[in-house]
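Visitor: Below is the structure I would like to discuss, written out as structure tokens.
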Amino acid sequence: MKIKNISYFSLLKFLFKNLMFDKTFIYFNVATLFFSLIFSFYSAFIDKDGEVAIIFDFYAIFFVGVVMFMLIIRICFYLFVRKTEDKTIFLIVSNIVSRLSLFISIYLISIIVIIFQVFLSFVLFNISFSIFHNVENSTIILQKTATFLWFAPLILICLLNFVIFLLMFVNNQVTMTFLTLLLAFTFVANLPLKFIKTSEESTRIKLNNNQIYNVSNMYEALDLQDYIGKGNIRFKNLSKFINNFLINEQNNITKSNISTLEKKTLRINLWKDLGILVDIKGDDWSEIKDLRFKNLSYSNSVPTSWVDSFKQNEQKKYDIKYRIDKRFIKQDELLNLIDNEKDSTKKAVLSDFYNFYQYLAFNFTDLQANYYSLFDDFIFLNADSKINAKQNECSASGKDCESSFLEEYLRSNYISFFYEGSDGKQVLFFDNENKDLEKLVKTTLNSPLMIATRLLENYFVSYTTTYRTIISNPIDFNFTDFIKYYNSRLAFSIFSIFSPYYSLWSSYTYYSGYAYDDIWFSLYSDSKIELYDQQNLFLPYVQYSFTTDENGKVLPNTYENFINPLIYLFLYLTLTSIAIGFSYWRFRKISL
């Protein structure tokens, strides 16, 4: 009797109808849909891109590592085990299709379900964001979901291949036990890296110049250079501008010498060349009259008779004659500067600088009050500024008629309007009736852009100092902590190669990246950048070890010393594809 062969499409339709009769399969798919819907809807209401990235990473690992893992197991058990054991497939397709066609059809229907669920997830997240956010704010979710769209099917196909292989060669009980352990491993596989990172916070490396650095601080300094070089940081043009200035070997600026006269001159020239610091033209001098000393001591560079009078509680009044030689431009001037700038690179830096200032102004209602301590290097008080005694109170010799009004005096009085503490050695004044001293401090010297420049310098100089030091000085390889660091990193490198979880998921984290516009320095720290805040506790990330040159110095681009994780992904795809070939060979021998 001649039996008509059926097409793959008809066979796929038959298998799909069989799956539709499995309530567990239906429940899994509906649960997966709601899981994706809830996460996409929730994340659409989050404004901060960094938090969206964190939430989506949690979703990705749970979706792939738990939900789809269990769905794949259910499909494979249902079609390869249950329908084989109850002879359903045999009764329907016996003598109609070949074992190869049946095997391929079961395999294809599994892949179709995988791709459908992943694509549905991609659509749900992007639709939710397009509805509740503007296009610019949707960049991070598109970046994450686009990576997820190609990564999830590939890793799930690897998993599918492996599950089928186990079902063909191992009994069901052992298979389920092994897969349960594999599922649990999803959430603990990254613990070795966390242990190493925690240990490295207290692990130190000694350089041959006897300087010692924590390993974690060295990684931060190197990673920051990597982020800046790739533009993966907030205010990327401004960051590159100030970073390149600080790491320039000719400038030789470090955290310890940044305030010296030589380095201060370099910094002044930098901001002048950018156009945000200008000379004050003319030769006009200002004067504040009738000030009384609030604090004065013999250690100050003032006439001794002034201190004597102050100690005797005499209410003598003095005048200040001063001139400010330079100033930082105002906000409206900065906008005009940006509009008129022809150089595209410089224009981009200025635009970033304006955005940085706006960022500060948004977070602090009074920049001056919050950052009064930054009135230090950029005071620009003319060296001929004077404190003058009243003419009728000068001695006959005239030696006590005047004294230099130093920058340190101006700074002390500036700070006194925001902070009441004093070490007793500062020259401080009581304001006059017209509040002229307060007007000088809170109006004339109130320069938000000066504060912005000082913040930028402080932000970067700690990291650039560390970076320049570790690439310029050889490592002491005999130092105990370095040996500890080297051995732990070597062991982890071996682990990462042979751990399927680590090597596969590194592809996702590497290519999906972070919300780079949220990578910036903490507002409430002098110099602490939030480089790793978006990393997920359960996900692995590409790692590298310090690579040195022949002299033992850390290479400037040592952060490029890693194996592209895609190599592992394609390796496992190849291995599991070979496993599928063996699975088919075993499938041919199973009695249906």
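For all residues, glycine too, the Cβ spot is worked out from N, Cα and C.
Pulled these features from TrEMBL for this protein:
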TRANSMEM  25-46  transmembrane segment
TRANSMEM  58-80  transmembrane segment
TRANSMEM  100-127  transmembrane segment
TRANSMEM  148-170  transmembrane segment
TRANSMEM  176-196  transmembrane segment
TRANSMEM  490-511  transmembrane segment
TRANSMEM  566-585  transmembrane segment
Visitor: What stretch of 25-46, 58-80, 100-127 shows the most Cβ pairs under 8 Å to the transmembrane segment (176-196)?
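Guide: Result: 58-80.
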Visitor: Ranking 58-80, 100-127, 148-170, 566-585 by the number of C-beta pairs under 8 Å to the transmembrane segment (25-46), which range is first?
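Guide: Comparing 58-80, 100-127, 148-170, 566-585 against the transmembrane segment (25-46), the winner is 58-80.
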Visitor: Are there residues at least 6 beyond the ends of the transmembrane segment (566-585) whose Cβ is under 8 Å from a Cβ of it, and what are they?
Guide: 99-100, 103, 107, 151, 154-155, 157-158, 161-162, 164-165, 167-169, 497, 500, 503-504, 506-507
